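Annotated in Swiss-Prot:
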DISULFID  C4-C21  disulfide bond
DISULFID  C8-C23  disulfide bond
DISULFID  C13-C28  disulfide bond
Amino acid sequence: SIPCGESCVFIPCTVTALLGCSCKSKVCYKN
């Protein structure tokens, strides 16, 4: 998994979610 540079501690992944990233361990990762 590649870190997308977005945190998802308080809110879900927003911008990076459009790039295919998902929340894992409080950080947005791309599979």
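Every residue gets a Cβ built from N, Cα and C, even glycine.
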What is the nearest of the disulfide-bonded residues C13, C23, C28 to C4 (disulfide bond), using the Cα of each?
-> C28
Work through the disulfide-bonded residues one by one (C4, C21) and point out the residue whose CB has the fewest other CB atoms within 10 angstroms.
-> C4
Distance [Cα-Cα, Å, rounded] between C21 (disulfide bond) and C28 (disulfide bond) = 6
If you tally other C-beta atoms within 10 angstroms for each of the disulfide-bonded residues C8, C13, C23, C28, the top scorer is C28
